Amino acid sequence: MNTCNHSFRLRALLSIVLLLVTVITAILITPSATSSTRGSSRVCVVHLDMAIDEGATTFIKRTFSDCRGYDLVVLAISSNGGYLSSAQKIVNTISQAEVPCVSWIPPGSQAYSAATIIAFSCRALYMGPGSAIGAVKPYPYDEKTAEAVRSLLTSLMVRMCGDREEIRQVASDMVLNARALDDAEASRMGIAKSVSSVDEVVADSLGVSAVEKASLYPNAWEKLLSVLSNPIIYSIMLVAGALLIVVEVLTTGFQGYGVAGAILVILALYSMSLIPPDIVALSILISGAALLAIELFTPGFGAFGVSGVALMAIGIALTVYSVPPEVVTPIIYVVGVGLGSFAALVLFIGFKGVQVVRMKRRGIAEEVVGSVGIAKTDVSDTQPGVVYVADEDWTAYSVRGVIPQGSKVRVVRMEGLKLYVEMLEEQKQ
């Protein structure tokens, strides 16, 4: 019966692994839609429809990596802004990209605050009917930050639109007075070109209409990271993680609170940009392996095992996700599959070995508990003695008083390799 239960648990764990790998792979795959219109030019439309934070930074890095080899990237922006630090990272990514990039604010959309800085970091700006741009006044406001933002925005706008006094004044007003421009005003000033669709953007940028287009959107991980990077969220995670670690330290025995707390602290530090993604993936992998080991050696209801498998699957997925595609050569695939197969084999052998040990321990306990033997030395409840039970010598403690040498004893319970015994009632009389 026990063997069947362990086999069932093993099959359940393997099924969960496959399910998690499938789900996480589906999450990490870039959602894209290629239009049926094909031509000699390739265009990638990147939909930045989110707050400008670490989630957006990760999304832009991924998309520009995926868009290598394309002729043009159209950055479709619809955002109310976000963090200056994240905007600066995105600006650096765009400036270092091998593919030319233009920004487009779709009809009825807006690029405010940090999104404005990103829009002007591209080679050209296009705006649809009813769209708006500007309002870059930092919050909370201080003169030093405002001056730094004004200098950055002015340099980007001058590079895109030319060094004119009107352009410098607009940049200053956007930062100091939160000025915003609609598409008509931006077009009149020569800051943007008015277009109604992405096809017009492509035609004006490349001079061709027949192109192959791919659309890229933020995936589930990037959306989740956008939520986690909010200061309110990562502050709560940091405090909750620290409290869980304290509870684990103060609680008798392993309860798993410490692992959960460590993961929360790691995610909080990652959301604060204090640790790199590979450290997060490694920490999650180690946490998963620790939970699996605990499940193997201290059997319970499988909660630690399921959690360990889930964490290891997520850690592996994050590791694969963070590796640039160009460095994954065929030899990497071969070595990775080989090491993974070896690790799976070792895990299976270890599981079976622990299973056999558990069965032996249960068999010995069932045989010894209740058996009658002889005390070869005095046995007390504080000082161990030696008893002869089931054809073997055992270290034993008395459950009540002192048992004299030579007395008959009965085994009450077994803890590890120690026996707890009592004197037979007939000898007490």
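Any Cβ shown, glycine's included, is placed from N, Cα and C.
The feature transmembrane segment is assigned by TrEMBL to 12-33 (among others).
On the 0 to 100 pLDDT scale, the domain 'NfeD1b N-terminal' (43-158) averages 92 in this prediction. As annotated by TrEMBL, domain 'NfeD1b N-terminal' applies to 43-158.
Marked as transmembrane segment by TrEMBL: 232-250 (among others).
According to TrEMBL, the feature domain 'NfeD integral membrane' maps to 233-348.
The transmembrane segment annotation in TrEMBL covers 257-273 (among others).
The transmembrane segment annotation in TrEMBL covers 279-297 (among others).
According to TrEMBL, the transmembrane segment annotation covers 304-324 (among others).
Residues or ranges marked as transmembrane segment in TrEMBL: 330-351 (among others).
Sequence annotations record features per position, and here TrEMBL assigns domain 'NfeD-like C-terminal' to 365-422. Taking DSSP states H, G and I as helix and E and B as strand, the domain 'NfeD-like C-terminal' (365-422) has 4 helix, 31 strand, 23 coil.
The list of residues near the transmembrane segment (257-273) in space but at least 6 beyond its ends in sequence, with Cβ under 8 angstroms from a Cβ of it, reads 54, 85, 225, 228-229, 233-235, 237-238, 240-249, 251, 279-280, 283-284, 287, 290-291, 307, 311. As a summary of secondary structure, the domain 'NfeD1b N-terminal' (43-158) carries 49 helix, 29 strand, 38 coil according to DSSP.
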